[in-house]
Amino acid sequence: MLARLRTFAGLDIHVLATVLFRGWGIVAGAATTVLLPLFLSPTEQGFYYTFGSVLALQVFFELGLNHVLTQLAGHSAAHLQRGPGGRLEGALRWRRAVASLLALSQKWNTVMATLFAIALLTGGVYFFERRGTLPVNEWIGPWITLIVAAAINLALSARLAICEGIGEVADVAKLRLRQSMVGYLLLWALLLSGQGLSSVVAVPMTSAVSTVWWLWRHPNLRLLRAEVAQEPRISTEEFEWRRDIFPLQWKIALSWASGYFIFNFLTPVVFALQGPVAAGRLGLALTIFSAISTVGISWIAAKIPNFAAHIARHERSALNTLFDHQLRRSVGATLVCSLAVTAGAFVAGEFAPKILDRLPPLSSLLMLAVVTVANGVVFAMAAYMRAHKEEPLLLQSMVTAALIGVGVFVGAHHSLQATVTAYAAATLFVSLPWCALLYAKYRSRIS
């Protein structure tokens, strides 16, 4: 029975591990959603969620590199096999290619993580001091600790992206599941013990410490670099930044930077124009639907290396079959969960109206649910297209980001409902149909 259910849902070990990690995210998010209003004031709740949205500015420093690394590592690993102990074996040129990705990414992420820490420490202090209503001593310590932890995670993220690209999706998902479980348990303990806004550091700090430990205990990449270093160097067998990475990265970087305005711009704008209480209501709803989206895209994200491998081997039919199976399950899971949350909020509001005081209006929740499903479809189609080592969504992302940015800024001057409406309109009437047209062209390719 269980085996039949796993087959129906498309849950191989990589998808299952990813779904478990992201499914836990929903459970943890739900518990946190209940605890935050109980142990944080409305103003502190606004700071809590705005911290997260401002922290998402790290996309301007990561600049899409991790996605490129996963794609390039996946194309190279398609020509390698696993030997004893999980070590990569095969032609030297492909092992050398993976090792060169590791070396290049370490330099880039170290520099970017340093710049990220400096920029957000100074810029964040300026923003929250001007727009916030809490005394500085109540938020400055958590903010500094949060930035340090996030910078460490950014510096190490490239290695995890390469691990996923070479087929260790399940291993990385298990790591993230453990990180999340320990981090949220610590978060809840801090909330229950009255630590207030300081609890915000629990999850990212746990992630930083455990990633360092995991990479030290998981030496596959380090051994690969050591083995390759003993062989005569042939530069044509290594990836070069200008030739292989930058042509794809700069487009993805602009697309992902646009993604900040698409996914994270709302809460800081509402914080600045409507205050931390309204930002807390919107931030809570966005966090819930973000958790749902994260689970839904698991079916796609876990198979990105497989998409790249099929393309590298010119297996177009197998690629399309796999994608169709994953897309149906991804959208189905997102739709069911989004409707369940919206219905749950409606029912809860009937019995405990005060619950809705911490959430946007029900009409806004319904719009956010529809947008969550639409964004899940966009993510899936984007993953399919980007697996070709191309970035066709640059203009689409920039236009969508501009429309959302302007619409949200104008809407936030009026009401929370107007803000969400502007966001939904740009997503449903521009982003989704535009992406679908581009996807149709890729789908019609023969090779």
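Cβ coordinates are placed from backbone N, Cα and C, and glycine is handled just like the others.
Automated prediction, rather than curation, is the source of TrEMBL annotations.
Residues or ranges marked as transmembrane segment by TrEMBL: 20-40 (among others).
Taken from TrEMBL, the feature transmembrane segment applies to 108-128 (among others).
The transmembrane segment annotation in TrEMBL covers 140-162 (among others). Remote same-chain partners of the transmembrane segment (140-162), defined as residues 6 or more beyond its termini with a Cβ less than 8 Å from a stretch Cβ, comprise 51, 55, 58, 61-62, 65-67, 69-70, 73, 98, 101-102, 105-106, 108-110, 112-114, 116-117, 120-121, 124-125, 128, 172, 175, 197-198, 200-201, 204-205, 207-208, 211-212, 215, 221.
Under the heading transmembrane segment, TrEMBL lists 182-215 (among others).
What TrEMBL lists as transmembrane segment is 252-273 (among others).
Taken from TrEMBL, the feature transmembrane segment covers 285-309 (among others).
Residues or ranges marked as transmembrane segment in TrEMBL: 330-352 (among others).
Marked as transmembrane segment by TrEMBL: 364-384 (among others). Sequence-distant neighbours of the transmembrane segment (364-384) (same chain, 6+ residues past either end, Cβ-Cβ under 8 Å): 263, 285-286, 289, 292-293, 296-297, 300-301, 304, 307, 323, 326-327, 330-331, 334-335, 338-339, 341-342, 345, 393, 416-417, 420-421, 423-424, 427-428, 431-432, 435-436, 438-439, 442-443.
Marked as transmembrane segment by TrEMBL: 393-414 (among others).
The transmembrane segment annotation in TrEMBL covers 420-440 (among others).
Proximity of the transmembrane segment (252-273) to the transmembrane segment (393-414) is established through 3 or more Cβ-Cβ distances under 8 Å for residue pairs spaced 6 or more apart. Here the transmembrane segment (285-309) has long-range neighbours at 10, 12, 14-15, 17-19, 21-23, 25-26, 29-30, 32-33, 49, 52, 70-71, 73-75, 77-78, 164-167, 169, 173, 263, 266-267, 319, 322-323, 326-327, 329-331, 333-334, 337-338, 341, 359-360, 364-365, 368-369, 371-372, 375-376, 379-380, 383-384, 387, 389, meaning same-chain residues at least 6 beyond its ends whose C-beta is under 8 angstroms from one of its own. Using a Cβ-Cβ cut-off under 8 Å and counting only residues 6 or more beyond its ends in the same chain, the transmembrane segment (182-215) has close neighbours at 28, 31-32, 35-36, 38-40, 44, 47-48, 51, 55, 134, 138-139, 141-142, 145-146, 149-150, 152-153, 156, 159-160, 175-176.
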